[in-house]
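Worksheet for the structure shown next.
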Number of protein chains: 2
Amino acid sequence: MDSNQNNDVGILAMEIYFPPTCVQQEALEVHDGASKGKYTIGLGQDCMAFCTDVEDVISMSLTAVSSLLEKYQIDPKQIGRLEVGSETVIDKSKSIKTFLMQIFEEHGNTDIEGVDSTNACYGGTAALFNVVNWVESSSWDGRYGLVVCTDSAVYAEGPARPTGGAAAIAMLIGPNAPIAFESKFRGSHMSHAYDFYKPNLASEYPVVDGKLSQTCYLMALDSCYKRFCAKFEKFQGNPFSLSDADYVVFHSPYNKLVQKSFARLYFMDFLRNASSVDEAAKEKLAPYSSLSGDESYASRDLEKTSQQVAKQLYDAKVQPTTFVPKQVGNMYTASLYAAFASLIHNKHSELVK
Amino acid sequence: MDSNQNNDVGILAMEIYFPPTCVQQEALEVHDGASKGKYTIGLGQDCMAFCTDVEDVISMSLTAVSSLLEKYQIDPKQIGRLEVGSETVIDKSKSIKTFLMQIFEEHGNTDIEGVDSTNACYGGTAALFNVVNWVESSSWDGRYGLVVCTDSAVYAEGPARPTGGAAAIAMLIGPNAPIAFESKFRGSHMSHAYDFYKPNLASEYPVVDGKLSQTCYLMALDSCYKRFCAKFEKFQGNPFSLSDADYVVFHSPYNKLVQKSFARLYFMDFLRNASSVDEAAKEKLAPYSSLSGDESYASRDLEKTSQQVAKQLYDAKVQPTTFVPKQVGNMYTASLYAAFASLIHNKHSELVK
């Protein structure tokens, strides 16, 4: 239980559950009277899963956890911590975690720390980091940790409706993991904004300012990437560029934002004169180098150009991560981990070093 | 940043804020037409603080954090993590933590991990443990952590109404702390129950089954105490009893439950034949030793007798912790830490070893 003995703390196993009910984005375009390709090409989405009246975040989570324990033959007594990340509020005081305790109580295990983490889509990542830290801390009692990310993303009628989705992901956490975390490089960006929130407590729909939300997201991405690169250089002694990453996994409310996000990081590399940007790309991006931050977020031309020059790298490093999110839709807290599961599914043998 | 170098991780500083508006429980008895002493003696409460229309958990938290940083001259840039524990939902997706980021953003610090923790009153303790674990983990970047526990506890008209309250507590977390945690002795009990929850999302009132809630609480207390004692004996080599504790701090929805809780632990010591129970008490408690668990929770006679025989120990070890909770009322996630602040206020010089 010496924390220094816990090397390579990370993900030992993953399980995903999403509803069997879904709508084709092509059919939704017709139903909504939207122009052909608006959701499929414009948003980059194929399908959208949704919960019927007989499912919710609790039932999805119960399934994901039970299924993970069964598939990997984990004794429910061997779980010492269970954290849930969600922004789908079923009860304002009773946590989703307490519902999941049913799985463990029947095996006589009530000694399980952990609660629900709420902070929009980031709640799932917060839950994951908390369990990793626990395994590394003096509080660790030698048992496994479990993280559940689950949401049912639904929007009121309008342009955001096709960006819904629903799923639950369960992850088993412990030392000596094949998927380990390098916490020292981590960059965070937290800020007080009203781009996406749920102030109407009686409604399941969020209030979204789509344009502001996208700008907030890209600003936060820039900021995190800058911090990550600065820490990488500090600890590794050499600068970082996208060419150093095998794969890049993004949060995926809809695939088009993933494309834009990668292109943005590519543009950031260009601004830092990073080695991964080739001469042809440099030439095409040069006209945008003097834009202010705000101007660069607003420029459609820059968006188009950077996506175009980053396309080859995107296909290699990001495309393998987009499989599940394109089929299931937005899963809020589970979205990033559905992208990660897609990568493991598509590239499993190549990921083993 | 080697986690082993972080000894004595814990609370470096505390700050409490509660609303200036309160109602005397004596006056509330008259207003409600309740019998004299029902709230003051029956619940053990003196006053109940409440938020007017110009206050809420966000404003209380902003005050507590700003005030702590100012009093202890902490540069907002020196905060690397901020966790909020609350069950007062203002928004179903945007965390209270993001509102608190305003304090740090104006100092150029947006690199602050942490979210809101939700799990009824336990959410604050979960937030605290997460920050302590962070300081002990490889994720720690050398900066301070902050924990905020805040709630506005309000009840619909009826017997629970006098058990409301409101406050925010902020705690500064780091290594070499005067109040350090001994995580290895910790006992948890988590279970799926419907004793207290908030299923009506549009209402600020909880649904409470008072009797079930009290039984759930005492059962969880028993279970945690058993686990704590078992771990103490395992690691220390000798059995634990209440006589080994300098002070005992309880969650305090109302003072009477604190009295009952301590008496319950005293009865648990008696059942284990622990050294802190004197001969006279043993004799008085003997008739109850054959009760089943359920019978013992339901027995009014046992409750009375155990409170009576534990009274002297209660006055010495618990009474100094009850100052703020009796005056302010229930603070949900902040309640335990308000009791802890009361102890420090009352016994500060004696606590230094």
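Each Cβ is built from the backbone N, Cα and C atoms, and glycine gets one as well.
Copied from TrEMBL, the annotated features are:
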| type | residues | note |
| --- | --- | --- |
| DOMAIN | B:7-178 | domain 'Hydroxymethylglutaryl-coenzyme A synthase N-terminal' |
| ACT_SITE | B:Glu87 | active site, proton donor/acceptor |
| ACT_SITE | B:Cys121 | active site, acyl-thioester intermediate |
| DOMAIN | B:179-350 | domain 'Hydroxymethylglutaryl-coenzyme A synthase C-terminal' |
| BINDING | B:Ser213, B:Lys256, B:Lys260 | CoA binding site |
| ACT_SITE | B:His251 | active site, proton donor/acceptor |
Recorded positions (B:Glu87, B:Ser213, B:His251, B:Lys256) in Cβ proximity to chain A, threshold under 8 Å: B:Glu87
C-alpha spacing of the residue listed as 'active site, acyl-thioester intermediate' relative to B:His251 (active site, proton donor/acceptor), in angstrom: 8
Residue, out of the recorded positions B:His251, B:Lys256, B:Lys260, whose Cβ gathers the largest set of other Cβ atoms within 10 Å: B:His251
Largest tally of Cβ atoms lying within 10 Å of a Cβ, found at which of the recorded positions B:Glu87, B:Cys121, B:Ser213: B:Glu87
Cα-nearest neighbour of B:Cys121 (active site, acyl-thioester intermediate) within the listed recorded positions, B:Glu87, B:Ser213, B:Lys256, B:Lys260: B:Glu87
Span of the CoA site, taken as the largest CA to CA distance across B:Ser213, B:Lys256, B:Lys260 (Å, rounded to a whole number): 14
Rounded Cα separation (Å) that holds between B:Glu87 (active site, proton donor/acceptor) and B:Lys256 (CoA binding site): 22
Where B:His251 (active site, proton donor/acceptor) falls in three-state DSSP terms: coil
Helix, strand or coil at B:Lys256 (CoA binding site) [DSSP, three-state]: helix
Environment of B:Ser213, B:Lys256, B:Lys260, the listed CoA site - residues of the same chain whose CB lies within 8 A of the CB centroid: B:Gln214, B:Tyr217, B:Leu218, B:Pro253, B:Tyr254, B:Leu257, B:Ser261
